[in-house]
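Each remark here refers to the structure printed beneath this line.
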Amino acid sequence: MKKLNKAKALVCLSGGQDSATCLMWAAQEYGADKTYAVSFNYGQKHAVELACAQKIAEILNVAGHCVLDIPALKQIGNSALLADDADLNAVRDGLPASFVPGRNIIFLSQAAALAYKLDCGILIVGVGETDYSGYPDCRESTIKSLETALNHGMETNLEISAPLMHKDKAETWAMAYQCGGQDGVELIREQTHTCYHGDHETKQDWGYGCGQCPACQLRRHGYETFLARTPELQPRP
């Protein structure tokens, strides 16, 4: 068995709020010089996330950041995140139209192989059950099962960590505040992208986005709840 270094971490970084918060947390927990980031280009409509991911990795000065291309997801999936004219509010087979079947499983499998190469014993992902939008591959049972399968398949001791698993969006904002104070909150507001429509031009109190898609609504509600719980914070204009 290859024993990976549990003092080094690899973070799956989409460029969105959750993964950026996880990268902030990891850089604090393990040190920026022992924290790496990996992003995925899979033909998503909100590809502006990738530019955000690169900027966030630079700001946090992590040890390395790479982007893996996974074009096959667009070939095999029919998610509204991949189709230009799809209804993002629709429900298909009891799941949100934005669900990309197998996405997190594929991402984590690729990231695990990279973690093996980089000798990172901790693989961090920003999924959670509280505000998971109904995606089955964000459940704790899925992540734990995948961790077991990957360790069997690679004969190693990789740990998949999901710091946001039981946090709602307000608690995710609070985690950014705990990690970086007001600067941490501002990094999330100014540098991350969540909007399913790829709108990174329309400025909202909570960041950039259309304000109407499910992702924007979830982020807005979380921000408003966080502010109500954090009266000492004075948001910057």
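Positions of Cβ are set from backbone N, Cα and C atoms, glycine also.
Here the structure is a predicted model, which means the values were calculated and not measured.
Residues annotated as ATP binding site in TrEMBL: LEU13, SER14, GLY15, GLY16, GLN17, ASP18, SER19, ALA20, THR21, CYS22, LEU23. DSSP classifies LEU23 (ATP binding site) as helix under the three-state reduction.
Over all protein chains present, the Cβ of CYS216 (Zn(2+) binding site) has 22 other Cβ atoms lying within 10 Å. Residues or ranges marked as Zn(2+) binding site in TrEMBL: CYS195, CYS210, CYS213, CYS216.
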Can you list the residues of the same chain, besides CYS195, CYS210, CYS213, CYS216, whose Cβ falls within 8 Å of the Zn(2+) site's Cβ centroid? THR194, TYR196, HIS197, ASP199, GLY209, GLY211, GLN212, PRO214, ALA215, GLN217
Which one is it, among the binding-site residues LEU13, GLY15, THR21, LEU23, that lies nearest to CYS213 (Zn(2+) binding site) by Cα separation? GLY15
Starting from each candidate's C-beta and looking 10 angstroms out, tell me which of the binding-site residues LEU13, LEU23, CYS195, CYS210, CYS213 has the most other C-beta atoms. LEU13
